[in-house]
Each structure stands twice: as C-alpha cells, then as structure tokens.
Amino acid sequence: MDLKFSNSRKYVSISVSSKAHAMSPHIKSIDDIVVLGINLSKFNKPTQFFICVTGVFVFYLIYGYLQELIFSMEGFKPFGWYLTLVQFGFYSVFGLIELQLIQDKRRRIPGKTYMIIAFLTVGTMGLSNTSLGYLNYPTQVIFKCCKLIPVMLGGVFIQGKRYNIADVSAAVCMSLGLIWFTLADSTVAPNFNLTGVVLISLALCADAVIGNVQEKAMKMHNASNSEMVLYSYSIGFVYILLGLTCTTGLSPAVAFCSKHPVQTYGYAFLFSLTGYFGISFVLALIKIFGALLAVTVTTGRKAMTIVLSFIFFAKPFTFQYVWSALLVVLGIFLNVYSKNMDKIKLPSLYGLLNKKMENRKTRTLAQTV
C-alpha cells in the first residue's frame, strides 16, 4: 500500500499485484485441497497421508475385484476398449457433479495440456483394460508392478527431478518384491500372449508419464482434482468414441452389453464409481506428496490385493510370499526414509566403525589403568 500526500488534499492509492487476479475469491488458501468434500488442507501432513492412503486402498481394492469380475464373464474379453469408454463416460459425469458442488468452477489448466493428459489417460487405462483380454490378471499385475522405475525416469526427464539412492533402492525393492510375490500366482495358469505383453507395456509407459505431467500441471495452475478428472476423462471419452467408430468396434460391444445389462453396465457403474473415488485420492497424493510417493502407495495397494486374494481364496503357501513381502516392506521404509531424512537419522557405516574403535580404546585404557 502506497500513501501519497499533497498540499490540497490527502489521498491513498492501493496497488494490487497482478497475481492476485488469478486466484478465486472463494479459495481461502492456494494450498486448499478438497477430496470428496473433505478439505485436506485443515489436517497436518501425516493425517493427510493417512486419509489418502486409506482412500486409495479401500476403493482400489474394490475396483480391482470388479475389474476381474467383469472380464471373467464369458464373451466379454474382446470389449476392453468399450469398457474403458463406459468408464470414461461415468468419470466425466462424476467429475461434472463434483465440480458443480465447489464454488470455483473455472478451468485453470490450458486445453492443450488437457488434450495431452487425456491421450495419456486413454493409453494407460484403455490399453490396461484391453490387455486383460489376452493376459490373466496376475500376469498383468507383474507388469504393472514395474511402474515405479518408469515414473522416476519420467520425473527426471519431464520435471528435471533428481532422486537419491534411497528412492532408487525403494523402487527396485518394491518392484522385485511384488514381481516375486505375484510369480507364484502367475505360474498357476500362465497365459503369456505377445499382443497382451505389448499392450500392457505401452500402458506402463503412458502410466509412467501421466503422473509427472499431472503433478506439474496441477502445481503450476493450482487446479482442483474435480477439474482434472472432468476435462481429462471427457476429452478421453471423445478420443475412444472416435476410435471405436472408425474401427467398427462400437456396434458389437453395444449389442453384447445390451444382452447382459446388469453384468456389464451395472458392474461398470460400480467399477467406475470406486475408480473415480480412488483416482481422487491418487490425485491428492500427487499434488501433496509428488508422483513417486503416489505410485509407491498404489504399488503397495497391489501387494495388498494379492494378500487378500491369498487369504480369501485357497492357494498353496510358500515362503516365497514371506521374502517378497519383506522386500516390499523394505521398499516402503526406504521411500519414507528418503522423504524424512532430516527427522530419521540412521547411523552411517563410518559412524558405527568409529564408535566401535572408540569403545575399544576405552576398554584398552581401562585395562591399562
């Protein structure tokens, strides 16, 4: 505020930064993050992390079960892209409803950025759903568990990030642990197909990029989760609809689903609803803690999916599950440690050796005296 005086009168001129116009008057803080009506900004970091992780685990565990249930229906496997189209349609409706419930409805991220995000979203979800028509579920999980390392590479090339040895070790441990953990299930009914392998590999590449692009866009433009979901999935819906129309894949899928509306559209609605709730918490994790930690949590969720499958469905037990679970736990610890190095002080090898030498000298001096 600038105060200026003259001989005839006194007046006040107020200068406001141009950046203030970019912020909505309804937003109390630039860091406000609302997920499903819950303002996470009111909580501390550990509570935010707990809420997000709980949401991711609960909703995505149901999501994974429904996804496998839909593809277990006889005759549905060729229609993975149509399931993705229906899923994107439901996501767009859910995002529109949520956006109407918040006060600031403006689109903050540029349209060109959303077109790129939508393309990547179509790639990661469409190719992943379609791969289940060629691969069994455990085989698909094996590939998806390798997502940590591509995300780190995407962070380096897209955002110029640099990860320490703890982050790298966490990614390697979790990937190896989950691959080893799911290997027992994949050997029960191995169904490797080159087409499915190519599809899930492409989905993995898109998934590695999208987290970093979303993180950069949301932080740069301070966009809400509902805005991100609405525009990315509605544009993606148009992409898939055009693709299915051009490839004549729309009519057979519609005809098949019309004969089984409950098993297709009914399950797809629940599948999409739980996925929408889950992606809302994932986006909150990305915005608050970054893409690497978000993928670490979702990778841990995949481990829990296998654990619950092992508990509720009869499977032969082997100690391979124990060792792989320990690797996953080690990966989680390394990731948490890398984010809290200033709070968690682990003794270094040099420090341990130095302390041992000092203790030895003290004992020697005591014996001499």
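Keep in mind that glycine also has a Cβ here, set from the backbone N, Cα and C atoms.
Annotated features in TrEMBL:
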- 49-67: transmembrane segment (TRANSMEM)
- 79-102: transmembrane segment (TRANSMEM)
- 114-135: transmembrane segment (TRANSMEM)
- 141-158: transmembrane segment (TRANSMEM)
- 165-183: transmembrane segment (TRANSMEM)
- 189-210: transmembrane segment (TRANSMEM)
- 230-253: transmembrane segment (TRANSMEM)
- 265-285: transmembrane segment (TRANSMEM)
- 292-314: transmembrane segment (TRANSMEM)
- 320-337: transmembrane segment (TRANSMEM)
Contact set, same chain, for the transmembrane segment (265-285): CB under 8 Å, 6 or more residues outside the stretch: 33, 35-36, 40, 48-49, 51-53, 55-56, 59-60, 62-63, 66-67, 69-70, 83, 86-87, 90-91, 94-95, 214, 218, 225-226, 228-229, 257, 293-294, 297-298
Stretch among 49-67, 114-135, 165-183, 230-253 sharing the most Cβ pairs under 8 Å with the transmembrane segment (79-102): 230-253
Recorded stretches the transmembrane segment (230-253) and the transmembrane segment (49-67) touching, at least 3 CB pairs under 8 Å: no
